[in-house]
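Encoded as structure tokens, the structure appears first; notes follow it.
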Amino acid sequence: MAIAPRGRFAPTPSGDLHLGSLVAAVGSYLHVRSQCGTWLLRIDDLDAPRVVPGASDRIQTCLEAFGLHWDEVVYFQQPQQEHYQAALEQLTATGRVYRCQCSRKQLSQSGDSVSVDGSLRYPGFCRDRQLSSEIEGSDRLNVQNLPAIALEDAWQGRYQQDLAQAVGDFILRRRDRLFSYHLATVVDDARQGITEVIRGLDLLASTPRQIALQQLLNLPTPHYGHLPLVVWPNGDKLSKQTKAPPLDLRQAPALLSQAIGHLGLAMPSDLQGAPVGEQLAWAIAHFPAPRLSKQPDSLS
């Protein structure tokens with residue numbers, strides 16, 4: 001018997017949602033609802049220094065204003081530390097985890113190449129030093145000799161990456177003892193039974209790292225789909241860093257119409273700006289768009 005799809009929207013509570021966030025949320029919502037699946041809300045509050053007080057509550061209020069009602073209870077990362085620790089111990093038992101003392105300054109001065117996500121590719125300075133776990137530092141995963149990771153993305157097609165060449169050994173737990181986004185995401189997706197990960201194109205390059213962790217931890221790999229980003233006219237991604245304005249809940253119907261349009265759906269003119277429930281019902285019945293662009297969609 002086929003497993004009912006389970007998707008999720010997992011914002012970081014570092015501020016309010018903006019149009020780019022809304023497009024990602026609506027895309028993941030429509031993807032699972034169009035298959036009669038379950039849609040979950042996860043608050044990625046693991047990185048405590050980035051959490052803005054009250055942002056989690058505002059995110060939930062915002063989603064409800066747009067008719068994006070989630071199933072089950074909201075899942076928070078902060079209470080899941082023991083599960084991340086267990087996963088790290090399981091990875092350590094494979095012999096692929098090592099302590100690293102390299103600072104960002106050292107790496108920036110190393111002259112090594114830039115990785116696929118814009119950060120520096122780790123050159124492996126500490127890989128063979130066999131540093132004690134009692135020494136202050138981060139924990140990295142040795143990706144040398146791992147097979148290339150390939151996936152079939154729902155919208156971007158086939159994507160392949162050799163982790164050793166593309167990113168190098170990556171961090172599982174930071175120097176400040178916070179678990180990494182990649183490790184936490186993999187553990188959370190498995191614990192929540194996520195089968196569909198629909199998110200922005202900026203996260204495609206990080207997906208092979210997550211698949212590698214799933215394979216090493218013997219966890220299932222979800223289906224992935226990476227949506228084209230919403231960008232400013234100059235090509236910069238809409239984000240908190242580029243001053244994307246927070247969503248105005250008073251304009252929810254108009255903004256939802258805009259988000260649905262960014263997903264390639266040509267909604268009838270009489271539904272433009274209609275109550276959010278009516279718009280979502282139509283979009284669920286017509287998702288996905290026959291030809292969703294792979295390119296970023298500029299904000300007009």
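Glycine is no exception: its Cβ is also placed from the backbone N, Cα and C atoms.
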Query raised in the report: Of 11-21, 132-142, which span is tagged motif ''HIGH' region' by Swiss-Prot?
Result: 11-21
Report summary line: Swiss-Prot feature motif ''KMSKS' region', matched against 172-176, 237-241, 242-246, 292-296, maps to 237-241
Report task. Looking only at C-alpha atoms, tell me how far Asp44 (L-glutamate binding site) is from Lys240 (ATP binding site), rounded to the nearest Å. Result -> 16
Requested in this report: Give the helix, strand or coil assignment DSSP yields for Tyr181 (L-glutamate binding site).
Outcome: helix
Report summary line: Those same-chain residues, other than Arg8, Phe9, Ala10, Pro11, Thr12, Asp44, Tyr181, Arg199, found with Cβ within 8 Å of the centroid of the L-glutamate-site Cβ atoms are Arg42, Ile43, Thr185
Query raised in the report: Say you check the Cα of Cys100 (Zn(2+) binding site) against those of the binding-site residues Phe9, Ala10, Thr12, Arg199; which is nearest?
Result: Thr12
